[in-house]
Structures are given as structure tokens and as C-alpha cells.
Amino acid sequence: MVCFRLFPVPGSGLVLVCLVLGAVQSYALELNLTDSGKATCLYAKWQMNFTVRYETTNKTYKTVTISDRGTVTYNGSICGDDQNGPKIAVQFGPGFSWIANFSKAASTYSIDSISFSYNTGDNTTFPDAEDKGIITVDELLAIKIPLNDLFRCNSLSTLEKNDVVQNYWDVLVQAFVQNGTVSTNEFLCDEDKTSTVAPTIHTTVPSPTTTPTPKEKPEAGTYSVNNGNETCLLATMGLQLNITQDKVASVININPNTTHSTGSCRSHTALLRLNSSTIKYLDFVFAVKNENRFYLKEVNVSMYLVNGSVFSIANNNLSYWDAPLGSSYMCNKEQTVSVSGAFQINTFDLRVQPFNVTQGKYSTAQDCSADDDNFLVPIAVGAALAGVLILVLLAYFIGLKPSCWI
């Protein structure tokens, strides 16, 4: 039996279906595998994406990032028995799959191997691939973990083989769970053990009883995502992060000169991912609704704070930056995207187009409602002048009426 839950939206519990975390599922996949007695035997939560380099029909090479996995199934995931070890099996898209195998020794258990299969016959992901078919990449790991310990690796781990780069981060896993209870003892990966000092970031941290000191307006950066040789997503914006953790508020301006962008574009979803030395990822996920409009549906963030902790928040139920397909969304004034009570993003000089980018340029923009305020003054003045004109006309016609004498 396989149980999944939406994470980390507050109040969501375990349900007996696979819940998708937004339109792009490279985040917070969470699996609770139970045995016949409904006791947890394997627990895992992890984030991953894949970058594949492939040959095209015109003998050139393209690179595609696979992070939007659409509908996910977990057929073949097992607790394990005397003959077979535990296994996590994930299927997504047309012919894509991912498998992790585990084994046990006297006092340890191991993550033995990871297998990733992708389908170059999927014309949406590989529209111009020279060779069509299922390609599998196997990686032997042999990561040993003390029995009854929960393995944690927040750091980015990368596996590279045969034109495929696999990225994993924020990993939690425990195979061979004892007595149905996930352990509170954690075994850290080597990367996390050496990451004892978080990078320094410039932020204002006031006392818990005060509000953060306002920062200057952040510099606007221009970011883009390519699908092959074509630009498929454009974004220009100044970003200011408002974070509250342990009753301490911080305001952080993102420096576009030290921030990098990646992402992916699909027919109905698009991802813009920003990262830097202090930001592990800041994801903006866009979706299409009613086949004729787009909007910002999801924001995910994980970043280092000055106290050395990692701040992570996700929300896949947003509704911001709505505009017709084929256009861009623009808002010159300050806007606030409220991701959670602890995390808000202020945007400045915003313009974004996640779909139907032509020749690497923005299409006609739809202004935000905040910008529409600029038109209230001329409208009010015009209405006042119209009122005055009506009064003048009424007085004129009244003056033309003949006088009556008694």
C-alpha cells in the first residue's frame, strides 16, 4: 500500500492517492509505504530533476531539463522481503521512470542503486530526437546508513553519466522502518556534514517585537529559459523577499548579477528557477487555465539564513499574474505575492511571459490592476468636467424659457 501527501502545505494529511505538488513536480515528493498490517516500512521525501543531452535529426545536440512530470504513479514500490529488498518505483510521462533499490546488512542498510529511464520517443520533450526509444541510465551508489536511522541530505547531489545529469536535494529516506515509526535519529550525507557554515547574506534582522527595516528598491533582473535554441520564458523583475522565522523578520533583496536562472517549458506548465550562493532554489511555476490564460500557480523556495538554518516553503495554490496566452503580464508598481504567513515576495518593475514567446521578445503586455490606478485620476477629472458641462447646459436651456408675468 502506498500513501502520499501534499507537502509542506499546513493541515494536509495522509491520503490514499498520489497528490501532485502543483504543476511541476520536481519538489517535495513524499512517499509513505506500508506493509500488509498498515505499518510504515519505508519512508521517503525527495526533490529531483534531470537534464538530458540528445542528438537531433539535423545532427546537432540539444539539452532539455525534465522537471514537469505530469501524472505520477508508484507501481512496483515494495517494502521488501527475504528475497527482494525494498524498492521505490516512480513512473511519469510517456515512458519515463525512476527506481531506487535498497538492501540490508547486520547493522546497516544501503541505497544500492538508482535507475532512470527516459523516452526520446516523447515528441513533447524530445521533438526532434534522431533516435527514438527508451534509454536507461543505471548508477551504483552503495550509500551505507545505520539501521533505524533516517538518511538526510539537504545539499545538492549530482550524478552524471551518458549525457544525463541527475540532481537530487532535500532528501529524506529510511528503508526498513522499525515498528512502523520513522526514526528521529538522522544520518547526514557527507556534503551536509561539511556544510557547517552557511553563506553570508545581507539582511536586516530586527528584534522579534519589531517589523523589519524597509530596504531600498531591489535592482530588476532579466531572466530567461530556453527550450533548445529557442527562448520559451522571459521574466524581468526586482525581487525582495520577506521572511519570518522564529518571530524574527528579514528583508532580502535579490541581486540579479549573482543570480542564475534555469527552468523548463511545457505546453501547459512552465518553470523559472532562480538560484545563487544563498538561494538553493526559488521556483516560479506557471500554468495555463481555460486554454486561453496563464497565471502564477506555485512558488517554492529553499535558502540559507544568516543563523545557518535552511528556510523552505512551498505553495501550489496561488493565483497571481493572470494574463491572456500570447501576451505578457506587466506591473511596474510594487506587488506582493503572499506565499505563506512566513514568506512574501515583493516584486518591482515586473514583466513576465511564460508561454508563446516569439523571437525571444515580449508580446503585448497586460497591465496589472495596480497600474490601472494610474488611470483613475484622468477618469475622475473627465467625469467632473462632464458634470460641469451638463450643469452649464441645463442653466442655458432654463434661461431660454419665456418669462411669465402676473
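Each residue, glycine too, has its Cβ placed from N, Cα and C.
Of the listed residues Cys331, Cys404, Cys331 is the one TrEMBL pairs with Cys368, by disulfide bond. The two recorded residues, Cys153 (disulfide bond) and Cys331 (disulfide bond), have Cα atoms 39 Å apart. A separation of roughly 45 Å, to the nearest angstrom, links the Cα atoms of Cys189 (disulfide bond) and Cys368 (disulfide bond). The Cβ neighbour count for Cys368 (disulfide bond), using a 10 Å radius and every protein chain shown, is 20. The disulfide-bonded residues considered are Cys153, Cys189, Cys331; of these, Cys189 has the fewest other C-beta atoms within 10 angstroms of its C-beta. Per DSSP, the domain 'Lysosome-associated membrane glycoprotein 2-like luminal' (218-358) is made up of 3 helix, 98 strand, 40 coil.
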